[in-house]
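**Student:** I have a structure here, written as structure tokens, and I will follow up with some questions on it.
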Amino acid sequence: MAPLCRSLSSLVKRTECLRRVGVFSSFQQDLPEHPIRSGWWKRNFRAVSCGGAAFQPLLQQPGAKTGAASVSSSSSEGRDTAERLWSVYNDTKKQTEVISTSSVDPDIIFANNEMSLRDIEIYGFDYDYTLAFYSSQLHTLIFDIARDILINNHRYPEGLRKYEYIPNFAVRGLHYDVQKGLLMKIDAFHYIQLGTVYRGLHPVPDEEVIAMYEGSHVPLEIMSDFYGKSTHGHTMKQFMDIFSLPEMTLLSCVNDFFMRHNIDYEPVHLYKDVKEAIRDVHVKGIMYRAVEADIEKYICYGEQSHAVLKKLSAHGKKMFLITNSPFDFVDHGMRYIVGKDWRDLFDVVIVQADKPSFFNDRRKPFRRVTDKGVLLWDRIHRLDKGQIYKQGNLYEFLRLTGWRGSKVLYFGDHIYSDLADLTLKHGWRTGAIIPELRKEIKIMNTPEYVHMMTWLQALTVLIEQMQAHRDPATQAVVEEWIKEREAMKPQTKDIFNAQFGSLFRTYHNPTYFSRRLSRFADIYMASISCMLNYDLQHTFFPRRTPLQHEAPFWPEQNSSGLGLSAPSPLAPQDRSTV
């Protein structure tokens, strides 16, 4: 076994590396600089390792004594070892309480892939949750209508009317086991995050989850298909749409009702009925009519979508809209957001596109729609500005416009339906709109979160380095540290969402949602308004965060604030020099 002083020296270097590269970074954004100072570590580890072999297990040293004297000496050495380790622990924890914060600005744009706006000539947009942002009242509306459809049309128990929408119950990106009726979060490596498995409105014990899945890994063959759907024998459905939040909540509430009343039911039937009820809310126009009737209640005007569109238009950029929503609904919303002349800003407007089929199915031709919603029968030979088109397909769109490749940037909120095919098959650049990002960054900027994560990582370093020492005294202390680290896991989850935690992380790994986001989106942001913080010559650079086997090259953050922490946006039109 290597001498302890060498292990401690390694820990000093390891901690210095952690401090420099920003071990708490998440999807190209870094948390504040860590307060663990290398000089402090060296002083304390020098004190701990004094005596050279004092920390080595006595029985493993050459020429070790035996008998009562040996046992007495070993016991004394063990107490000294434990005391010194706990001294390092306490001093380390004290240091993590001294934090100099450097907050991440929630209004900046984060890059997964290098991309320059100077190369973008055409900008495309989805409508819902891209140009139009909705209040929480809309999710309550969808939940209430779908619940009543279950009762009135599917003969579900009247007692379900007692259930109301729970705004902070679910998060996007969760998986639902259709056969077992379980809602859960899965990480990028297909492992279930224990502590986030729910049957109805109540968590399932970890032991029961492990027994059901013979561990916590979910095999690929039962995962959802490419678009998050449960088809072709898959038993998992992934909810990636923001509109799916009320659907997940309704599934959980109905499950809860049946279990509370000891009603024997088939989970597959329940999933299909809830799915159909949610679909009816959209397809039958119930939600659309409700929003149009009280647009100020449901649409948030504050996202400055109009300013973004005007800015792009002023710089001579081509723009188009491709949405699954019907024309009347889009027209009412855009008149409220932009004004009655909103169509003048777009070169092409396509409604009821039926994404993601729009990007793959070559069979559906475009059809022109009049201002009164009447469908015309004439063949479409070109896509004219000021006209409204329905359905169609991307291949025909490319033929008629010639807008191909990396000169096109398309924004959407759905990782699969909006972005995946465009980046994988057509070479468009893609921008993901993630409204939840703003809330999560604000949480990550709090002193409570920064201190918790700083201490968690410092504790992990202590465990990682000291686990190599097999003497009983060291192992006993390390076991206590491991228990503390495990106890902190629920805290890192609950600070974001008590049931399922962060949209972007399981305890330590990225979520399955994060994995898809990093693959299918060149850039991502909290809202389209973030574009106002950049000029149209700006280049987005992803951070070169070290791989596990790479040493860090980037120096410490300097006094100017530049370095590893995410930059704060400058005033609009003033980003070109950053």
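Heads up, the Cβ atoms here are built off N, Cα and C, so glycines get one too.
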**Student:** If you check TrEMBL, which stretch out of 75-95, 537-557, 558-578 is marked region 'Disordered'?
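**Tutor:** Based on what TrEMBL states, region 'Disordered' spans 558-578.
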**Student:** So what sits near Asp413 (Mg(2+) binding site) in its own chain, CB-to-CB under 8 Å and at least six residues off in sequence?
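**Tutor:** Looking at Cβ-Cβ distances below 8 Å from Asp413 (Mg(2+) binding site), excluding near sequence neighbours, one finds Asp126, Asp128, Tyr129, Thr130, Asp241, Ile242, Ala432, Ile433, Ile434, Pro435.
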**Student:** In the structure shown, which of the binding-site residues Asp126, Asp128 has the fewest Cβ neighbours within 10 Å?
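**Tutor:** Checked Asp126, Asp128; of these binding-site residues, fewest Cβ neighbours within 10 Å: Asp128.
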